[in-house]
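Working notes, structure below.
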Amino acid sequence: MASLRKPSNHADRACSRRLRVATRVAGRRMCRPVAATKASTAVTTDMSKRTVPTKLEEGEMPLNTYSNKAPFKAKVRSVEKITGPKATGETCHIIIETEGKIPFWEGQSYGVIPPGTKINSKGKEVPTARLYSIASSRYGDDGDGQTASLCVRRAVYVDPETGKEDPAKKGLCSNFLCDATPGTEISMTGPTGKVLLLPADANAPLICVATGTGIAPFRSFWRRCFIENVPSYKFTGLFWLFMGVGNSDAKLYDEELQAIAKAYPGQFRLDYALSREQNNRKGGKMYIQDKVEEYADEIFDLLDNGAHMYFCGLKGMMPGIQDMLERVAKEKGLNYEEWVEGLKHKNQWHVEVY
């Protein structure tokens, strides 16, 4: 997932070859870009760890606190476009004011119910939530536990014959969120999700593989690991992020990532797969599986020694990754299916795609 919107039954999240995200479309308001002179609210470059309210470390993992029938009412604080002009789509960082009343853990998701989701046979609106992975730690971007952030790609449908956008087929929830203004009320469900949680062992290496907004849960990870001072959680392992996007303008949270890489050179690694700017070893486009393959031997060794591997993003990323890993496993004399099952059994293998 991501912020992703998740499950396949969510119409505006379902990705087809003809569902594209336009960066500029005449007559439609876009996410407001932040002026060059104004600091972005979507990134933190100050790497001096900040103190956070430890009460959020207490108790059991929150799960399904709010439902479609009884959602939580939150308000949008800000919406910021975080992709550049040459990106193939528009992605927004959205900060939501929750007042700490819908707590979550890193790796979980919120449901968002957009207005006018579905009308039943009696003419009444039926609330249907779209799921988005949360892109902040449980303490929010401010570190006080009063907000949560989403990373949302605006989904629009472009007719393959005319090349024009069809407003009737645009993603309902993603456009509602990207068009929101400060103070906009949103109905939320959740939190949900157990698949992408951080391991209890703070020494375990983390290998995170993302495409697009699949980076959202991993942002919650790296902020907990490197930006926040949590007395009960001192991350000492390796954090390795592989990120696949089209080009440099499509990189998400790169300033924050570069600041972490500079502050923790021996503990944080970052590798991009830029399909429209880089070539793989065979001269073709550099996709996420190609970049991961460059370090396959090291990754297999890390997994043999207790590393956790996470995948989040478009479901189309997984076949190429699985084919590559199966080929490498065979070269190493391993049965791929048994190898993966062994990792799943030890809870080292985490996949959430949409």
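Even glycines carry a Cβ here, placed using N, Cα and C.
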Next item on the list: Given that Swiss-Prot annotates Arg153, Thr213, Val245, Gly246, Ser275, Arg276, Lys285, Gly313, Leu314, Glu352 as binding NADP(+), state which candidate in Ser133, Ser136, Ser137 belongs to that site as well.
Entry: Ser133
Notebook entry, point to check: Where does the N6,N6,N6-trimethyllysine label fall among Lys81, Lys124, Lys169, Lys346, going by Swiss-Prot?
Noted result: Lys124
Checklist line | Annotated residue, N6,N6-dimethyllysine, per Swiss-Prot; candidates Lys69, Lys170, Lys194, Lys344 | finding: Lys170
Check: Do you know which of Lys101, Lys118, Lys251 is annotated N6,N6,N6-trimethyllysine by Swiss-Prot?
Finding: Lys118
Next item on the list: Pull the DSSP breakdown for the domain 'FAD-binding FR-type' (69-198) and write it out as helix, strand, coil residue counts.
Entry: 10 helix, 48 strand, 72 coil
Check: Which of the binding-site residues Arg130, Arg153, Leu172, Ser174 has its Cα closest in space to the Cα of Thr213 (NADP(+) binding site)?
Finding: Arg153
Check: Among all the protein chains here, how many other CB atoms are within 10 A of the CB of Lys170 (N6,N6-dimethyllysine)?
Finding: 21
Margin query: Can you tell me how many other Cβ atoms are located within 10 Å of the Cβ belonging to Arg130 (FAD binding site)?
Written below: 29
Checklist line | Inter-residue C-alpha distance, Gly246 (NADP(+) binding site) and Arg130 (FAD binding site) (nearest angstrom) | finding: 25
